[in-house]
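Take a look at the structure set out below.
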Amino acid sequence: MIIRSPEPEVKILVDRDPVKTSFEEWARPGHFSRTIAKGPDTTTWIWNLHADAHDFDSHTSDLEEISRKVFSAHFGQLSIIFLWLSGMYFHGARFSNYEAWLSDPTHIGPSAQVVWPIVGQEILNGDVRGGFRGIQITSGFFQIWRASGITSELQLYCTAIGALVFAALMLFAGWFHYHKAAPKLAWFQDVESMLNHHLAGLLGLGSLSWAGHQVHVSLPINQFLNAGVDPKEIPLPHEYILNRDLLAQLYPSFAEGATPFFTLNWSKYADFLTFRGGLDPVTGGLWLTDIAHHHLAIAILFLIAGHMYRTNWGIGHGLKDILEAHKGPFTGQGHKGLYEILTTSWHAQLSLNLAMLGSLTIVVAHHMYSMPPYPYLATDYGTQLSLFTHHMWIGGFLIVGAAAHAAIFMVRDYDPTTRYNDLLDRVLRHRDAIISHLNWACIFLGFHSFGLYIHNDTMSALGRPQDMFSDTAIQLQPVFAQWIQNTHALAPGATAPGATASTSLTWGGGDLVAVGGKVALLPIPLGTADFLVHHIHAFTIHVTVLILLKGVLFARSSRLIPDKANLGFRFPCDGPERGGTCQVSAWDHVFLGLFWMYNAISVVIFHFSWKMQSDVWGSVSDQGVVTHITGGNFAQSSITINGWLRDFLWAQASQVIQSYGSSLSAYGLFFLGAHFVWAFSLMFLFSGRGYWQELIESIVWAHNKLKVAPATQPRALSIIQGRAVGVTHYLLGGIATTWAFFLARIITVG
């Protein structure tokens, strides 16, 4: 008789048909809330509808139901992303000069939008050369397509159709996993399985498949393109996969197949998996063979990482154990209890993810110019400026979002009775020390960084240049930054003797790389001017953090309002009889933090734009003489406030201000319109609610006189609604103004 151990029971992790699909339900506005579903009495109803539609916490307190809604919404989000991507690829296929650009990327500008002549606006179709007229694009899609080996508009069509299919699939998945097979709460909370799948699947296999695509498709096609072969003559992607000899002609090790891999003679593959460093002198981008090597290495790391956590087989790490083992001499219970927080509060989890992703996005912004990954990206100055600006703004918004959700967690999900002496509790108990020290740091940075500029403006005004802080008078060299630059420039000699250059040309030491008579990249010098503006960066970042962190740490209570947690995440004031308690809610801290985030990012993108035009971007003569766009004026002009106003804002705005009557006139209109949108925001930010309510009532009286009064009573915006509308227009107007200013400038001079 054979005695078997009992088979482990398979856990059923989904519920079948939990919520019936109902079109009637969808068609009823506010079906998620009893109050809103009754329909409008006053115009406040439409605001509440928008505020609460996606606030799943307010629909139900059942964590499983909330998790399912969030999960389903993610599929909807992915569907929109695929739809957007499909549109981008379709424009590339139908309305662009991609094939012409591919044949001569140094002289022909990328365009994927042609304006139809309806009321004379075909003036916007500028000459991008190569016999094509259209709007010059600065999204970097052409460069990505070339890097991935797309050689024809037909391939773009096929990809666009593929993305549409995926968009439909995602929509279906969103419906299916909410209405047909909805995961149980235990599935959402199984962090080890989630880690294994995301690490090994998404990041590991994702990187591996991309590395495979790069080796088998991108590398050979780009090799041909770099050699000047006509795109129409280049073999199609599937031919390299079916015919190994094609690849072996370009990369001899392919002839040996997998033998070197299994005999551990891996160096054989060094002809297509390289470690060179620096930039490809033909395209001004990173070596694609370096990039393929990088993705292969990343894939191996993540495939290993994806097998580290304990699931059904009782081996590996458990996340709870890891967290609870973290105890230092000064941290009490350490991370005890964090596991429970992060598996029961999606706001806490989201907050961490947003903080990480926001920081990562800003890192991406800096790498896109210092290590330009795609061919001909570095010499497309408009795209370089757009990519930097875009990733900086996105990073800023994500980091503010991190603070917002941390505060929502504190108000809605934090349970002080079960949290004693763990790290979070200890941070909350000495929050006064944290905030007051941070406040001191902000004051110090603000006065000193601004004071250096004011000193320079004063000395400049008095005609005493010898007494200014500058590279030619009193020097304040950024010695630590210069030391880091130097170390990185010299590092490959010691750490990677096989590499021909350092990770980035910006560190120094190397020569400049020029493509088609334009600078792709060169060593970036840092001096007194950078030292000054870096301290402005430090100041604005610290103030943003001060506002956001104060909002989180005082979200539940403060000396002023001890019962703040009962008032919720957003409230205007603590009742009419308590003066001086307005703008204290966690929501208001996010509101105020957004303005400082805007300040911080604005200074960064202004610094970048001017620094690159002054010290990096420009043309190279046949004799090798570099002429920068603004002739190196950053070091002497940006050391005074007046210099920033006169030589950056005013001098470089001439293109957008004078754009009327040219193909850039849309930027002139946007510049004007976005200024208006920004100014319009002030009407909401400085408004008094009572003033508008009085005005509304006299307008309603007039409507009643004429018997045209609506059934829904008009109401003035609440204090919070006014602030929300105000900050939205402030940011939208400011960002669109900057966008028009940057693009009109760089498309003209770049």
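For all residues, glycine too, the Cβ spot is worked out from N, Cα and C.
Annotated in Swiss-Prot:
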- Cys573, Cys582: [4Fe-4S] cluster binding site (BINDING)
- His675: chlorophyll a' binding site (BINDING)
- Met683, Tyr691: chlorophyll a binding site (BINDING)
- Trp692: phylloquinone binding site (BINDING)
- 70-93: transmembrane segment (TRANSMEM)
- 156-179: transmembrane segment (TRANSMEM)
- 195-219: transmembrane segment (TRANSMEM)
- 291-309: transmembrane segment (TRANSMEM)
- 346-369: transmembrane segment (TRANSMEM)
- 385-411: transmembrane segment (TRANSMEM)
- 433-455: transmembrane segment (TRANSMEM)
- 531-549: transmembrane segment (TRANSMEM)
- 589-610: transmembrane segment (TRANSMEM)
- 664-686: transmembrane segment (TRANSMEM)
- 724-744: transmembrane segment (TRANSMEM)
- Query: Sequence-remote contacts (6 or more beyond its ends) of the transmembrane segment (385-411), Cβ cut-off under 8 Å?
  - Reply: 138-140, 341, 345, 347-348, 350-355, 357-362, 364-366, 368-369, 544, 548-549, 551-552, 555-556, 565, 568-569, 586-587, 589-590, 593-594, 597-598, 600-601, 604-605, 608-609, 612, 735, 738-739, 742-743, 746, 750
- Note on the structure: Least surrounded, by Cβ count within 10 Å, of the binding-site residues Tyr691, Trp692 is Tyr691
- Message: For each of Cys573, Met683, count the other CB atoms within 10 A of its CB; which of these binding-site residues has the top count?
- Response: Cys573
- When you scan the chain for residues with a C-beta under 8 Å from the transmembrane segment (724-744), skipping those not six or more beyond its ends, what do you find? 138, 382, 385-386, 389, 393, 591, 594-595, 598, 602, 605, 609, 652-653, 655-656, 659, 664, 667-668, 670-671, 673-685, 687, 717
- Message: Taking DSSP as the reference, which of helix, strand or coil describes Met683 (chlorophyll a binding site)?
- Response: helix
- Note on the structure: His675 (chlorophyll a' binding site) to Cys573 ([4Fe-4S] cluster binding site), Cα to Cα, whole Å, comes out at 31
- Message: With Cβ-Cβ distances below 8 Å as the criterion, list the same-chain residues six or more beyond the ends of the transmembrane segment (589-610) that contact it, or say none.
- Response: 369, 385, 388-389, 392-393, 396-397, 399-400, 403-404, 407, 533, 536-537, 540-541, 543-544, 547-548, 550-552, 583, 630, 634, 638, 644, 648, 652, 723-724, 727, 730-731, 734, 738, 742, 746
- Message: In the three-state scheme derived from DSSP, which category covers Cys582 ([4Fe-4S] cluster binding site)?
- Response: coil
- Query: So what sits near Cys582 ([4Fe-4S] cluster binding site) in its own chain, CB-to-CB under 8 Å and at least six residues off in sequence?
  - Reply: Pro572, Cys573, Ile719
- Trp692 (phylloquinone binding site) and Met683 (chlorophyll a binding site), Cα-Cα, nearest whole angstrom: 11
